[in-house]
Amino acid sequence: MCDQTFLVNVFGSCDKCFKQRALRPVFKKSQQLSYCSTCAEIMATEGLHENETLASLKSEAESLKGKLEEERAKLHDVELHQVAERVEALGQFVMKTRRTLKGHGNKVLCMDWCKDKRRIVSSSQDGKVIVWDSFTTNKEHAVTMPCTWVMACAYAPSGCAIACGGLDNKCSVYPLTFDKNENMAAKKKSVAMHTNYLSACSFTNSDMQILTASGDGTCALWDVESGQLLQSFHGHGADVLCLDLAPSETGNTFVSGGCDKKAMVWDMRSGQCVQAFETHESDINSVRYYPSGDAFASGSDDATCRLYDLRADREVAIYSKESIIFGASSVDFSLSGRLLFAGYNDYTINVWDVLKGSRVSILFGHENRVSTLRVSPDGTAFCSGSWDHTLRVWA
């Protein structure tokens, strides 16, 4: 094997042909050599012909992966519920539906809160994107998309725009105005273009950049104003279904999950995957950062939710019961991080004690599978969307 570095070339005698030429440092079996460009290319080609076949490289990758898992296992000396034994148990938990938002003509697929803690944007299989007043249940804006299955929507941090997309393979941004009679579609701005459906989108900490996830197996960071691709993220082996941006104070990272059963943490500046977790047994439908940014939760079609500690670099808790046989479609934390709300395909919302791993409540009300769920910015309520065409605000 050989690895080439990007150090500045120097002039001297080549260790291969011994001619005085511009040299580049090359590592061969961990030994540093100085080769001219011609010899370096010949050596790389010979190495590939001799033993660096695709099969051998895959074998080496699997070997390294096994060693990594062994090192992780050495650090696995305690479980979260054991540490939490001395933590006081939660008291009586009471939440119920306070508002029901009706207006979509088909399955609600996604929703997001505005930072003003009052307005909600939702998208549906009927091709509509609606902005709601969650206090009065009034519809403030409505947009008809050119395609059905609007699978992603997001509110801009300023509250002055929304983003949405789905089977049209692109992310569109609509500015919001006080004039409710204004034609919003005329001001539409197409920002992101993928080669397959758009599954999720999220503004960064400003209105100027947006993250997208797609069925083409990639995530991407875009400039909203110019529509320029700023960074692409490749690493998933199948459709990417969800993403979540880390809390602003923890740095430029985000987590994604997909049909390859992987949850991957990405550095937005370099475009590189910095951590990956593969403990789920089926598609990962939802990921959400813990409020501190030190961990994240995931919900999967394997009927479990899981908690991953980024500092320990491993899974630390599984939230499941034998009676739960349907997949988890959406997850989110309470503002304190003590509770994990999870929507399931059996029409229920389960509330989990994050520390103790126990279920503290089951919320009933939806008449079809729960497809999306988000806690309000102030933590006083959460909203769920369902295939029963409605959204419910719980408190």
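Residue numbering: from 1, along the chain as shown.
Cβ atoms here come from the backbone N, Cα and C positions, even for glycine.
Quick caveat, the model's predicted, so the values are computed rather than measured.
According to Swiss-Prot, the protein carries these features:
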- 103-142: repeat 'WD 1' (REPEAT)
- 145-184: repeat 'WD 2' (REPEAT)
- 193-234: repeat 'WD 3' (REPEAT)
- 236-278: repeat 'WD 4' (REPEAT)
- 279-318: repeat 'WD 5' (REPEAT)
- 320-362: repeat 'WD 6' (REPEAT)
- 365-394: repeat 'WD 7' (REPEAT)
Surrounding residues of the repeat 'WD 7' (365-394) on its own chain - C-beta under 8 Å, 6+ positions past either end: 95-102, 104-113, 115, 117, 120, 122, 124, 132, 134, 326, 329-336, 341-349
Overall pLDDT for the repeat 'WD 4' (236-278), taken as the rounded mean: 94
Within-chain partners of the repeat 'WD 3' (193-234) [C-beta distance under 8 Å, separation at least 6 from its ends]: 110, 149, 151-158, 160-161, 163-171, 173, 240-245, 248, 254, 256, 258, 266, 268-269, 271, 273
Long-range neighbours of the repeat 'WD 6' (320-362), counting only residues six or more past its ends (CB under 8 A): 80-81, 83-84, 87, 89-90, 93, 95, 282-283, 285-292, 297-305, 307, 368-375, 378-379, 382, 384, 386, 388, 394
